[in-house]
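Participant: According to Swiss-Prot:
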type	residues	note
TOPO_DOM	1-56	topological domain 'Cytoplasmic'
REGION	1-50	region 'Disordered'
TRANSMEM	57-78	transmembrane segment
TOPO_DOM	79-86	topological domain 'Extracellular'
TRANSMEM	87-110	transmembrane segment
TOPO_DOM	111-128	topological domain 'Cytoplasmic'
TRANSMEM	129-151	transmembrane segment
TOPO_DOM	152-161	topological domain 'Extracellular'
TRANSMEM	162-186	transmembrane segment
TOPO_DOM	187-194	topological domain 'Cytoplasmic'
TRANSMEM	195-221	transmembrane segment
TOPO_DOM	222-262	topological domain 'Extracellular'
TRANSMEM	263-288	transmembrane segment
TOPO_DOM	289-309	topological domain 'Cytoplasmic'
TRANSMEM	310-332	transmembrane segment
TOPO_DOM	333-342	topological domain 'Extracellular'
TRANSMEM	343-368	transmembrane segment
TOPO_DOM	369-386	topological domain 'Cytoplasmic'
TRANSMEM	387-411	transmembrane segment
TOPO_DOM	412-421	topological domain 'Extracellular'
TRANSMEM	422-442	transmembrane segment
TOPO_DOM	443-532	topological domain 'Cytoplasmic'
TRANSMEM	533-551	transmembrane segment
TOPO_DOM	552-569	topological domain 'Extracellular'
TRANSMEM	570-593	transmembrane segment
TOPO_DOM	594-600	topological domain 'Cytoplasmic'
Amino acid sequence: MPGDRGALSSPAASSGSPSAAPSGIAACPPPPSPLARASPQASGPRRGASVPQKLAETLSSQYGLNVFVAGLLFLLAWAVHATGVGKSDLLCVLTALMLLQLLWMLWYVGRSYMQRRLIRPKDTHAGARWLRGSITLFAFITIVLGCLKVAYFIGFSECLSATEGVFPVTHAVHTLLQVYFLWGHAKDIIMSFKTLERFGVIHSVFTNLLLWANSVLNESKHQLNEHKERLITLGFGNITIVLDDHTPQCNCTPPALCSALSHGIYYLYPFNIEYQILASTMLYVLWKNIGRRVDSSRHQKMQCRFDGVLVGSVLGLTVLAATIAVVVVYMIHIGRSKSKSESALIMFYLYAITVLLLMGAAGLVGSWIYRVDEKSLDESKNPARKLDADLLVATASGSWLLSWGSILAIACAETRPPYTWYNLPYSVLVIVEKYVQNIFIIESVHLEPEGVPEDVRTLRVVTVCSGEAAALAASSLGSQGTAQDGSPAVNGNLHLQQRCEKEDQEADWEGATGTTRCLDFLQGGMKRRLLRNITAFLFLCNISLWIPPAFGCRPEYDNGLEEIVFGFEPWIIVVNLAMPFSIFYRMHAAAALFEVYCKI
């Protein structure tokens with residue numbers, strides 16, 4: 001009956017009928033009225049609900065910064081031999097901070113075990129398995145380092161305080177529990193006891209940063225002493241050189257064993273340094289995730305496949321083998337005589353220039369492929385990904401500082417040794433290569449995975465609604481499409497998609513014939529193989545460039561030009577501040593590139 005048909009169609013008309021939409025455009029439900037938005041029954045979150053949590057975040061971050069600043073002052077006081085501050089005082093402070101973190105982790109693990117049956121939200125991007133595997137490897141070497149320190153303490157027990165034996169034991173226990181904690185809870189999104197947990201997590205972050213700073217200081221003092229000994233051997237009488245010797249004032253039995261332990265400790269410090277900074281970054285992501293609402297979008301599991309990367313792997317392994325050979329020759333020749341030192345520096349600069357040129361070219365090719373491919377970006381909020389990008393740029397600043405210092409020293413020097421003209425292109429390439437590599441990595445981690453469904457991508461482009469209406473339109477389109485295949489809304493949506501694709505094709509045909517040919521060449525498997533080879537090569541090269549500065553091959557110390565221009569003490573301070581960030585950059589870039597490889 002006509003009357004019945006009109007009665008049935010009136011609700012659809014009041015809610016926005018598809019047939020009432022303009023031709024060719026998907027209909028959108030009307031936006032909610034202001035009265036509905038202001039009603040108490042509205043499902044939106046209250047504005048004042050997040051104020052206490054924002055206050056807790058601010059308070060906890062300020063607490064952590066105060067702990068860190070106070071700890072840094074203790075480290076500085078010990079480093080400059082301040083009156084009344086000895087090594088035992090510093091170790092007591094660090095031990096107390098570790099014990100406090102241990103208590104919090106035990107409480108958190110125990111409470112999580114009691115609530116193990118509850119379903120908790122997880123951040124699938126945080127604490128990747130390969131990342132936890134890396135931190136486990138570094139933690140194992142850190143425990144070995146602690147064992148060597150305990151053996152060293154036993155050898156010199158007559159003149160060392162008890163804190164120097166307690167500290168490595170506490171650190172070993174702290175390392176074991178922290179690795180267990182990160183394996184089990186790095187993905188947690190804490191939704192209860194949020195204020196207390198913020199303080200516990202941020203305390204853990206800055207405790208690890210202080211342990212990192214302590215390791216960096218010990219390793220830097222050792223490297224500086226070796227550099228001063230080389231200068232004494234080479235006869236630099238115009239520089240006041242005082243060795244900062246912390247050797248105990250008593251005999252060790254047997255002496256040969258104690259000497260071997262002392263040298264072994266400093267060779268393991270680079271791994272301990274990487275462990276502490278890696279743990280602090282994982283804990284920082286956990287802190288940022290407290291109270292966070294998880295994105296309900298489907299997470300694509302990354303599967304790493306190692307087929308089809310023969311070229312990149314062979315080139316990378318060749319660079320790695322050459323790096324080990326260069327470091328061995330450098331450490332043997334440097335400081336033996338003036339001619340041998342200059343030849344060692346020239347060898348290192350030639351090696352580094354070659355590697356940096358290859359890495360820069362690989363990064364440019366990878367970025368060019370992304371420009372040609374024009375894939376959409378994943379703009380969802382991700383604390384782990386944002387931290388990775390921020391750390392890449394921040395830690396690259398350490399190398400940039402050293403490189404610009406070398407360039408300025410070359411420009412201002414009155415006399416220039418032969419290796420100066422190798423140092424100049426090396427310094428320029430360090431700046432350019434990290435600039436290019438950062439762009440490649442950051443763009444790679446922000447690209448959408450290959451497995452994103454096509455209908456999801458189409459919906460992002462085709463939907464013409466705004467605000468809350470967009471989500472309602474998406475759901476209504478899905479339900480109408482299943483109910484009746486010939487729905488005007490669906491047909492209009494497809495018509496709009498076809499029109500957009502036609503316009504894009506016309507634009508591409510007018511101005512990008514060459515780009516289309518590149519796209520034809522780089523379709524599917526060819527593009528992925530090329531990107532994987534580039535990423536594998538850059539991954540191995542970053543590990544290779546981590547080795548020389550981590551194990552004492554530091555031309556910034558040994559070429560002497562910067563020390564003459566800036567002065568010995570000022571330049572040494574700059575190197576000691578910038579070098580830890582430069583070393584960490586290479587390992588962090590390698591970790592980010594591994595994630596990129598698994599994503600491609």
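Please read every residue number as a count from 1 along the shown chain.
Using N, Cα and C of the backbone, Cβ positions are placed for all residues, glycine too.
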Participant: With pairs closer than 6 in sequence left out, are the transmembrane segment (263-288) and the transmembrane segment (162-186) joined by 3 or more CB pairs under 8 Å?
Facilitator: yes
Participant: Flag the pair the transmembrane segment (533-551) / the transmembrane segment (310-332) as in contact if three or more Cβ pairs fall under 8 Å (sequence separation 6 or more).
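Facilitator: Contact criterion met.
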Participant: With contact taken as 3 or more Cβ pairs under 8 angstroms (pairs 6 or more apart in sequence), are the transmembrane segment (422-442) and the transmembrane segment (57-78) in contact?
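Facilitator: Taking Cβ pairs at least 6 residues apart, the transmembrane segment (57-78) and the transmembrane segment (422-442) are not in contact, as fewer than 3 fall under 8 Å.
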Participant: Give the mean pLDDT for the topological domain 'Extracellular' (412-421) on the 0 to 100 scale.
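Facilitator: Taking every residue of the topological domain 'Extracellular' (412-421) together, the mean pLDDT is 83.
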Participant: Does the transmembrane segment (387-411) make contact with the transmembrane segment (129-151) through 3 or more Cβ pairs under 8 Å, each pair 6 or more apart in sequence?
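Facilitator: Contact between the transmembrane segment (387-411) and the transmembrane segment (129-151): absent.
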Participant: Mind checking how the topological domain 'Cytoplasmic' (111-128) divides into helix, strand and coil residues in DSSP?
Facilitator: 4 helix, 1 strand, 13 coil
Participant: Do the transmembrane segment (570-593) and the transmembrane segment (87-110) share at least 3 Cβ pairs closer than 8 Å, excluding pairs fewer than 6 residues apart in sequence?
Facilitator: no
Participant: Would the transmembrane segment (129-151) count as touching the transmembrane segment (57-78), i.e. at least 3 C-beta pairs under 8 angstroms with sequence separation of 6+?
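Facilitator: Contact criterion not met.
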Participant: Would you say the transmembrane segment (310-332) and the transmembrane segment (195-221) are touching, if the rule is that at least three C-beta pairs must lie under 8 angstroms and be 6 or more residues apart?
Facilitator: no
Participant: Do you know the DSSP helix, strand and coil residue counts for the topological domain 'Cytoplasmic' (594-600)?
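Facilitator: Secondary-structure composition of the topological domain 'Cytoplasmic' (594-600): 6 helix, 0 strand, 1 coil.
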